[in-house]
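Participant: Structure provided below as structure tokens; questions to follow.
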């Protein structure tokens, strides 16, 4: 069993909640880079299944960045008016041959094409923190990772670098021919 999926492989992405219940499943993403510490994937118009069984289809191409050491993942959505980012505060990913998996910890940061951003779902986070008994150590890790993400946004680091999404989107297009 490999510690990560191979480049070009089609995988599912599974998001869970802290209590172990499935939160959301993305049916098909193509792996553009796969290492034991970082997976970069892409999808476009992929089926997403919610925990309650409802489904929807993503509207635009997206580049997805997952890391084994950071408590967040970053989705760059390519739209006509520019790149929007959706950052999920989450556990580092694991790969188990069935899917790329992570725990979603409610807090999100939405980043606009001009690199302004908003922190979302703080109320949901506090509610779930109590309901699911998030340990204090997880609370500290997540709050530190919010600061790290904001720093990355300001520094245009990682997926926020000016050419990052374009570079990986070009690679994604090469698989679609």
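Numbering starts at 1 and runs along the chain as it is shown here.
Cβ coordinates are placed from backbone N, Cα and C, and glycine is handled just like the others.
Feature annotation from Swiss-Prot assigns active site, proton donor to 24. Swiss-Prot lists 88, 104, 108 with the feature Mg(2+) 1 binding site, giving sequence analysis as the kind of evidence. What Swiss-Prot records for 106, 108, 121, 124 is Mg(2+) 2 binding site, and it gives sequence analysis as the kind of evidence.
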Participant: Here's one to test understanding: among the recorded positions 24, 121, 124, whose C-alpha is closest in space to the C-alpha of residue 104 (Mg(2+) 1 binding site)?
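Facilitator: So, of the listed recorded positions, the one sitting closest to residue 104 (Mg(2+) 1 binding site) is 24.
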Participant: Minimum Cβ neighbour count within 10 Å among the binding-site residues 121, 124: which residue?
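Facilitator: Comparing Cβ neighbour counts within 10 Å for the binding-site residues 121, 124 gives 124.
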Participant: For a quick check of packing: other C-beta atoms within 10 Å of the C-beta of residue 88 (Mg(2+) 1 binding site), how many?
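Facilitator: Step by step: centre on the Cβ of residue 88 (Mg(2+) 1 binding site), count other Cβ atoms within 10 Å, giving 22.
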Participant: Taking the Cβ of residue 108 (Mg(2+) 1 binding site) as the centre, count every other Cβ atom within 10 Å, in any protein chain shown.
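Facilitator: Around the Cβ of residue 108 (Mg(2+) 1 binding site), 22 other Cβ atoms lie within 10 Å.
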Participant: Cβ neighbours within 10 Å, counted over all protein chains: which one of the binding-site residues 104, 106 has the most?
Facilitator: 106
Participant: Please name which of the recorded positions listed here, 24, 88, 108, is nearest in space to residue 121 (Mg(2+) 2 binding site), Cα against Cα.
Facilitator: 108
Participant: Same-chain residues six or more away whose CB lies under 8 A from the CB of the residue listed as 'active site, proton donor'?
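Facilitator: Expected: 14, 15, 48, 49, 50, 51, 104.
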Participant: Distance check, please: Cα of residue 106 (Mg(2+) 2 binding site) against Cα of residue 88 (Mg(2+) 1 binding site), rounded to an integer number of angstrom.
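Facilitator: Distance between the two Cα atoms comes out at 7 Å.
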Participant: In the same chain, which residues outside the set 88, 104, 108 have their CB within 8 A of the centroid of the CB atoms that define the Mg(2+) 1 site?
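Facilitator: Going along the sequence, the neighbours come out as 15, 72, 73, 86, 87, 89, 90, 105, 106, 107, 121.
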